[in-house]
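What TrEMBL says about this one:
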type     : residues  : note
COMPBIAS : 9-18      : compositional bias 'Basic and acidic residues'
COMPBIAS : 1674-1686 : compositional bias 'Acidic residues'
COMPBIAS : 1690-1700 : compositional bias 'Basic residues'
DOMAIN   : 87-382    : domain 'Ion transport'
DOMAIN   : 435-659   : domain 'Ion transport'
DOMAIN   : 902-1182  : domain 'Ion transport'
DOMAIN   : 1231-1499 : domain 'Ion transport'
TRANSMEM : 115-136   : transmembrane segment
TRANSMEM : 198-214   : transmembrane segment
TRANSMEM : 235-255   : transmembrane segment
TRANSMEM : 470-494   : transmembrane segment
TRANSMEM : 628-652   : transmembrane segment
TRANSMEM : 976-993   : transmembrane segment
TRANSMEM : 1152-1178 : transmembrane segment
TRANSMEM : 1233-1253 : transmembrane segment
TRANSMEM : 1265-1285 : transmembrane segment
TRANSMEM : 1305-1323 : transmembrane segment
TRANSMEM : 1339-1356 : transmembrane segment
TRANSMEM : 1462-1480 : transmembrane segment
């Protein structure tokens, strides 16, 4: 009882006093804590440390701590301050403040003057509420009185700060009004003063806690935010690392790109628009390799500032380079920088630089953010699941049900369900619920949608009457749907009708559609969206689509909350930008809030955001340019990497399955695979339709002289096969067994009890032990591995029973969700046996079965030879002989790659690649066709070679495997069909070789089919084929998303046709507004340059061209009919061109028209595209099996990948104490500050590249260049000193062991060479020749910055976070290698097709000298650009150009015209963007997310933490003193003794587990050396519960391996023990020497194993060796001898959490061998004397103590058993009772004879 807290009796009344509220709360807390502490004490006293009870107690304490910490620590406040009225007042004040700050701009006030005073009054109200709230809270809580005061809370500090800002904003507004009304005061108000209002939008942060109530403990929120923010910070650091790398590389590679093609007499300091080429083109000086200007233009270096050049595309300095790299990484506008670099430098350098930049930064590194957000959101989902799911069902009144008893039994009745009416209403309800009525409604919805979509605007006088007819059509359907709604209301009643969500939606549609039928509203399209959204009712027509939509959008709180958050964030940032930039002159984007909102929304979509930012930077003051750039980059970084990633995270969260559902799906997947294996494919089942023609089997050699009759094999099967299999439910097959034709067969007794299993191991003792004993002498590691693989499939034993290990019997009472693995395995194997038996029967009954082409014999020599050719491949699993094992370890990856497919497939893949390379040189340029394959004999060589090679391949494969009607036919799937299609199209094209190919002709189609040749590799490489199969397995969900997006596009397309159809046409002359005046010609300005030069905005100086006036639609889109509208919206779906649609709608139809396109972009793009990403990721993980993994299985999956990344530490050996200098240097170089100092030095060294290192820069800034190069040389000398110190401390051999040291040494040597060449050769060479000096400087500058960049890479190895993330990216690259290969092959097919379809399209808006399809290599560049989405729609519209807008005549070849292909371009580009960008590219995101989980997983969730792995690395480094990455198998036991943590193994407590580990390492590796990962994997398998963590196949293999190891260890242990007993009974005189050996001073040493060694010298040597290895970590245990024998002390260790012993071992559980020993000890003695012998697990000798010279080695054991050595005495380690000096009774001789007899019988 706490003093002063407990109940105190009242002296007068005797009743306890009433406690106050704080006192009661304190008492409750004390009671809870005391009870928790008592529970923890009791649980700890009952259970061992680390047990489940202790763990549960700690969890309960943590939960109670969370509960108490979640309570408010502030004192009880006044009810007035915390009242709902105050809360509502604050909400109103925040809302008013947000509204007023959004409309407080000069342009908005100009539109409505009284708004100025309304804003002032509203601000006064909000400021008053904020100030009053602060004053009241300060009054009640105090300011600095205590820890719970008002200003001690950060939220309160923020509230006070925002209140002060509001007050200053209000005073500033008053100041402005005073200056306006009293100008004579000369207050001089400036517009930029209003920037102080930019802080006011943060009031939304104060509004969040008022609206959203979190019911989560504060410490958990802080922990979650801390962990997620740390991960975001780490990934941001990784992103900055790559940004810096590409920035400094760009500075050195490109530098100042100031050369342009200009007129010869141009002044470089005063360039006008008349001096530039049209269009402006960059160039390179002569000899560099860039673009050369045509005459009479010259290449000149222009002197322009940053604003003149436009900021984007500059590599002048570090800041400009970082800005350019970031904008390019956003995949917007990067191609124009690429084209400038290609014109300024050799094109291959620029292409490689930007391709790698896009791949690493845009596709890999930036997608890591999606992984971070997804993992963080998964944790948030767990923490907030209660808040999201609470009352989710109960609040939905439309789905509440109750259980009631009816005439038909108990049924679930809806609470909103009406009582069954009688009479007409009952018939109406039956009609409404009928399938016919639903189909009727759906049909009318479809007819209505199709009817509205059929309207086409022709821009003539027929549009108006046709529009009126469609109006009547719409009125008729509106009446029809209104009648439907009225009937439902009459049937159900309005109250029951309005409760259903779908009925509410239908009612709203009816009301809106009815209003739309009013002529006034119909003409103005106010309610048209009700008419178009009627199509959403089609989702109810498809149950699959409805379920999918429900799964995605049903958790509305998550997705809806995210949408609200996104809109609120955009509004907040728009208001901030509005107040910051509304006063900037010549900037129209921030005049009003709608303009600011559209600008900030455009940045989210990334469409044209680079041009927008450049325009803002040009309008900004020079001193503020870096801050403004940082502002917009930070906003873009947040919204694109975090906000958009949240949408992916929410969708993935909605697609996530429950744990129990995962287990069910795993089981169903296994059963589906099993059932498929038991049946034949349909192409083989066709033989069942034909009559049987049995084949007779003849005996080639008889065992006797009597002739043997010919017997058919299937006939004998009727008597040899157990037909009880037909009655079991193990297999499911439609195959009918042949009927019995002998009457005697029916008299046999057939068992109906199902399958019987013969137990091996502990049941059949004699047979199993005898076999295991015989195998032990000859078993090797290879045999053991083979036994593990073969034992699972050894289905039948000698008596026909199914063999089955004893520990895996069928489970009769399996837990829910638990899989009977053995039964499933046998089911699969029996299904396979059934299928094989069916095939054998068909071979006997059908002579043409399994005969290729029905001609080649089944066993013909030709077929066997072809089979060898087809199936011969490199066996990467072969152990090798004569030193082959070592070679295999060195080149394991290469050998595995070679062994993935047969040699013939490798040959054909090579031939296909050579043919594809040859096709890259085919080009329609020049138009004479000399570079086409039809006219070039050299290009035809590869075609002939390809066709001949494929002919040989197909012939060989058909002869070996058959064409179609054979089990392994060539054409057995889609891949085989594609092979034949590619072959026949190649043969036909080669035979035809058309010389005349027109557009859209059969010859052009044949050429497109020939372009499919790269896809042949899909069918050859199995890993690429697997990628394609995984894609098609998830095609259902992708198809559903596609259908859903098509429905959304159709709805918005219909809406667009209704509101802007026929209204977008205008005159190309902007000065003409009417169609009647759009005649004649006018001067049209030409686009010249993006530079800001003199005359660009001057009408007189700007170049123009005279063009005719035309009244037409916009170039790329229109809404005249639903087809064009859907094409425009599909382009918008990729965020391309939507800003153009927005601007045109704004200019021609006002601001309200742009709402339509913004809603579509937000719904269709931000949700639809992320839906594609989520579905692709979910399908990828599901096909790989990771989506169906449970929590334990996922942790094991991550652990294996983490172990694969782990490597030995390569810690250098510490020098001896005598070498004092080396010891000091060792401590110095291994210290933390030493490594941090040199890491900082690497960063400083990299910053010497902030300016270009080249000769041109030296001419302009020689001092700066010399300073940075000298600084880099000085730092390189410091690195030389670092290398010298490390070499002295570690010795050269120890230094060379680490790869990092080798790399550092190599880079340092390069640096020394550069210092010598640059400072001692290049700089002084001016005395010899200036030209020579220039060339030397070019080389040394290039060599120097390459050395510095190489040094920059080493910083990743000095930082653990960067190293882990770098490993994540590298693993993602390796794992996605085949995905990237499949992507490249598909792009290559599209490149060949593009050369055939659009070879000579004339130049337009997008097609130019850089963008064309004249060669396949140029087409690859164009398609890579389209892959990033960069203006792909403009290229498509240029390729759609057809006559009369291009040159074309009838009969022209496709390479002679400059036309494109209208429909071909639409199909080509839309399919490319849909398949490649939406689907295949998102697979990279899935791979990164899968790999990033390794980096993100916490220490608490991991099965083995990084600390455990690091501990193993340290221990390995102690044992592996030679740093060879391998150790002898004898050292494994010492390594296991040194381990700590979760990997710790106690040789005393876990003796059996210790034995199994040692035996596993020795037998699996055949007594040879074991590697780092071999031991680590073995420990990880032994440290987890394999039945929970491992998947089916891996679990089966592991169980079989552990079972065999257990049998071997048990057999050797029993055999050793029996041998010891025999020798002990034969030599009783050695009893006194048993178990103890003198060791120093007469103190005996008791071995932990319980047995003695042969000699004292061997014991001392072994113990000294062990102690030398372990050092101080091993403590020897010594006991003093006395007259009485005492049991050896057992060293106890704490139980290791998650430690798992072997699978059920026969020694410790069944007591089988104890019983056996007891029987033979007392069984046949002549004196019938009962002698009891108790044998425990700890009595058995330790198998781990055997080595090559140990008495328990297999060699010595076998020799001992044969009598070649002296007897060995073994003493059990059981505690022996005191004997008071009396000798122990000896065993009688008869017993010894019985032992020999029993043992000999076993051996025999």
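Note that the numbers count up from 1, one per residue, in the order the chain is shown.
The backbone N, Cα and C atoms fix where each Cβ goes, glycine too.
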- Task: Counting only CB pairs under 8 A, let me know which of 470-494, 976-993, 1152-1178, 1265-1285, 1305-1323 has the most with the transmembrane segment (1462-1480).
- Result: 1152-1178
- Proximity of the transmembrane segment (1233-1253) to the transmembrane segment (1265-1285), 3+ C-beta pairs under 8 angstroms: yes
- Counting only residues at least 6 beyond its ends, the same-chain positions whose CB falls under 8 A of a CB in the transmembrane segment (976-993) are 933-934, 940, 943-944, 946-947, 950-951, 954, 969-970, 1003, 1006-1007, 1009-1010, 1012-1013, 1015-1016, 1018-1019
- Query: the transmembrane segment (115-136): which same-chain residues, six or more beyond its ends, come within Cβ distance under 8 Å?
  - Reply: 80-81, 86, 89-90, 92-94, 96-97, 99-100, 103-104, 108-109, 150, 159-160, 162-163, 166-167, 169-170, 173-174, 177
- Where among 198-214, 470-494, 628-652, 1152-1178, 1265-1285 do we find the most Cβ pairs under 8 Å to the transmembrane segment (1305-1323)? 1265-1285
- Item | For the transmembrane segment (198-214), sequence-distant contacts whose Cβ falls under 8 Å of one of its Cβ atoms, 6 or more beyond its ends | 87, 90-91, 94-95, 97-98, 101, 155, 158-159, 162, 165-166, 169, 221, 387, 568, 571-573, 575-576, 579-580
- State the non-local partners of the transmembrane segment (1265-1285) in its own chain: residues 6+ outside its ends, Cβ under 8 Å from one of its Cβ atoms. 1225, 1228-1229, 1238, 1241, 1244-1245, 1248-1251, 1253, 1257-1258, 1304-1305, 1307-1308, 1311-1312, 1314-1315, 1318-1319, 1344, 1347-1348, 1351
- Message: Do any residues, 6 or more residues outside the transmembrane segment (1339-1356), come within under 8 Å Cβ-to-Cβ of it, and if so which ones?
- Response: 241, 244-245, 248-249, 252, 1239, 1242-1243, 1245-1246, 1248-1249, 1253-1255, 1269, 1272, 1276, 1279, 1300, 1303-1304, 1307, 1310-1311, 1313-1314, 1317-1318, 1321-1322, 1362-1363, 1366
